[in-house]
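Read the structure below first, then the notes.
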Amino acid sequence: QGDEYINIESDLHENKRASVDDEQPHLKGHLEKKYEQVCEFCKKHKARIHYMVYGILITAYLAAVIAACSLNFQRALPLFVITVLAIFFICWDFLIAKYEDRIADFFSSGNHYLKKQWFWLKWVLCTTLIIMIICWLIFDTTKRGSRQLISFGGLVMYVLLMLIFSKYPTRVAWRPVFSGVGMQFILGILILRTKVGFDVFNWLGIQIQTFLEYSDTGAKFVFGDKYTNHFFAFKVLPIVVFFSTVMSMLYHVGFMQWLIGKVGWIMHIFMGTTPVESLVAAGNIFVGQTESPLLVQPYLPYITKSELHAVMTAGFSTIAGSVLGAYISFGVSSSHLLTASVMSAPASLAASKLFWPETEKPLVTLRNGIQMAKSESNNLLEAASQGASTSIGLVANITVNVISFLALLSFLDSALSWVGNLFDYPQLTFENICAYIFMPFSFMMGVDWEDSFIVGGLLGYKTFFNEFLAYERLSKLIQNREKGGSMYINGVKQYMTVRSEVIATYALCGFANFGSLGLVIGGLTSIAPSKKKEIAEGAFRAMIAGTAACFMTACVAGMLIVSGLEVPCHILLGSTSNFTDFPANSTEVVECCQHLFT
């Protein structure tokens with residue numbers, strides 16, 4: 001304006017001339033030449049440099065492990081075991097990747113022979129397995145009593161019930177069923193009956209419990225020192241946020257995909273299930289029922305109805321790792337929750353293949369080179385942030401469900417009490433009705449008859465509302481037992497035996513409830529819209545199969561569990577000082593003294 005005059009064309013021409021001048025080569029300095037030479041060298045020998053860096057880091061790590069073991073091997077034992085396992089699996093993956101064809105050729109003759117002789121060989125294996133189980137039951141019954149036989153009878157009962165109500169009873173392939181139950185049994189023996197297995201899972205449970213307690217730091221900073229006054233909102237829910245963040249980070253680095261792939265491969269080999277349903281069942285050990293199908297999302301439009309039913313059943317019969325931490329914070333045994341999560345994976349496939357047998361030819365096989373979905377995060381910090389953000393929906397969902405279901409339960413109890421009062425039975429509640437419905441099922445799992453009414457009520461809470469309410473109620477019963485107090489108050493039992501608590505922990509460990517039914521239908525339909533009709537058709541059957549799978553896991557646990565002290569030590573030792581009320585089984589006193597001494 002005024003004195004200034006802007007000529008756009010001349011300015012553009014000058015800018016263009018300036019850019020051309022910039023493009024002309026200029027004399028490079030000595031430092032710049034050296035920098036370019038270094039860059040060229042790094043590009044040329046990029047792979048070697050990476051190997052060198054990795055080699056230095058691995059050497060430093062191994063040196064640290066050796067130093068720690070030499071200082072105190074007992075203290076460094078967990079680190080040593082983790083290192084040995086890591087080396088084994090790295091070598092395994094390297095050999096499989098490089099020599100897979102040679103290994104397959106080496107075992108091809110044996111595989112061909114097995115296929116040729118499989119008709120009679122499978123009957124020999126089944127007969128041997130049945131004889132071994134019968135012999136084990138006889139010896140175990142003579143040693144520990146007949147309660148294990150009730151759990152075995154319950155397992156047989158659930159298998160027969162699912163066969164009777166199966167979609168195609170005459171088309172059942174028994175290999176997934178027997179191998180699924182067999183895997184449950186083997187896992188149960190390793191974890192619950194062997195000292196090494198029990199100690200390992202007990203150690204894992206303690207480590208997870210300790211790890212989850214780090215969420216208290218964030219909760220304390222945000223909500224103040226008295227955050228535990230609002231236990232559920234400020235203590236339990238932050239654990240869900242923390243665990244979701246950690247799982248997202250593990251998913252980003254590829255550890256979760258690797259672990260799920262290994263577990264899925266084991267189930268595929270032993271059970272003969274397809275890769276898709278095996279991977280989803282393995283994924284449900286660690287992630288939720290709507291997240292695990294995302295691992296195989298590209299293949300969902302091509303799976304059969306039976307495979308889709310197996311995918312949904314796996315979701316209903318297990319719990320997510322994020323809410324596992326919440327249940328542990330209630331006071332439920334962490335080792336038993338971990339064991340239940342692992343054992344329910346093969347049980348879900350066994351129940352699914354029994355309830356909806358395969359009648360079509362699966363399109364997705366291992367030969368197709370199945371690949372799992374990868375993380376969309378660009379780096380580890382973004383993965384952590386996404387995991388925390390994703391948990392907002394989960395936390396909100398848990399909160400509103402607990403508020404609404406508890407309010408609805410209170411209203412139902414009030415209404416039922418009013419109806420019961422008309423017939424001189426004012427103690428009629430929703431829990432009592434559920435207890436009568438599920439009482440036979442809980443007793444057949446191996447729960448003591450006196451406790452089957454309480455466990456039946458817990459199963460009703462879990463089925464008609466959600467497992468959160470059921471575990472919260474179970475935690476109160478556990479706390480009552482640990483405090484000691486009277487077992488009965490006004491004719492109402494205040495706590496159960498340890499055996500009943502453990503079986504209830506396994507039976508409740510699943511998402512099989514009517515609230516999750518809508519969640520699964522909505523989630524899977526959004527992932528695979530072409531399967532909308534099949535999802536709606538099979539969801540209810542999948543929920544029943546998931547419930548049966550949890551009950552089967554509880555039966556196996558009932559067969560294998562070795563109950564500890566039924567009475568708290570301080571009460572037992574208090575009565576020991578009174579010679580007129582000396583306990584009948586003095587081994588309990590010895591066990592108490594050993595525990596206190598330790």
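Glycine is treated like the rest: Cβ placed from N, Cα and C.
Annotated transmembrane segment per TrEMBL: 51-73, 79-97, 118-139, 145-165, 172-192, 231-253, 265-288, 308-330, 394-416, 503-527, 539-562, in sequence order. If you look up TrEMBL, you'll see 154-225 marked as domain 'Concentrative nucleoside transporter N-terminal'. TrEMBL lists 233-331 with the feature domain 'Nucleoside transporter/FeoB GTPase Gate'. Residues annotated as domain 'Concentrative nucleoside transporter C-terminal' in TrEMBL: 336-558.
By the Cβ criterion (distance under 8 Å, sequence gap of 6 or more), the transmembrane segment (394-416) is not counted as touching the transmembrane segment (118-139), fewer than 3 such pairs being found. Between the transmembrane segment (231-253) and the transmembrane segment (308-330), three or more CB pairs separated by 6 or more residues in sequence fall under 8 Å, so the two stretches touch. According to DSSP, the domain 'Nucleoside transporter/FeoB GTPase Gate' (233-331) comprises 80 helix, 0 strand, 19 coil. In summary, the transmembrane segment (539-562) does not lie against the transmembrane segment (265-288): fewer than three C-beta pairs, each 6 or more positions apart in sequence, are under 8 Å. For the transmembrane segment (503-527), the list of distant contacts is 151, 288-290, 293-294, 297, 300, 311-312, 315-320, 332-333, 336-337, 339-341, 343-344, 401, 405, 442, 445-447, 455, 458-459, 462-467, 470-471, 474, 496, 535-536, 539-540, 542-544, 546-547, 549-551, 553-554, 557-558, 561: same-chain residues at least six beyond its ends, Cβ to Cβ under 8 Å. Cβ atoms under 8 Å from those of the transmembrane segment (118-139) belong to residues 148-149, 152, 175, 178, 182, 185, 559 of the same chain, restricted to positions at least 6 beyond its ends.
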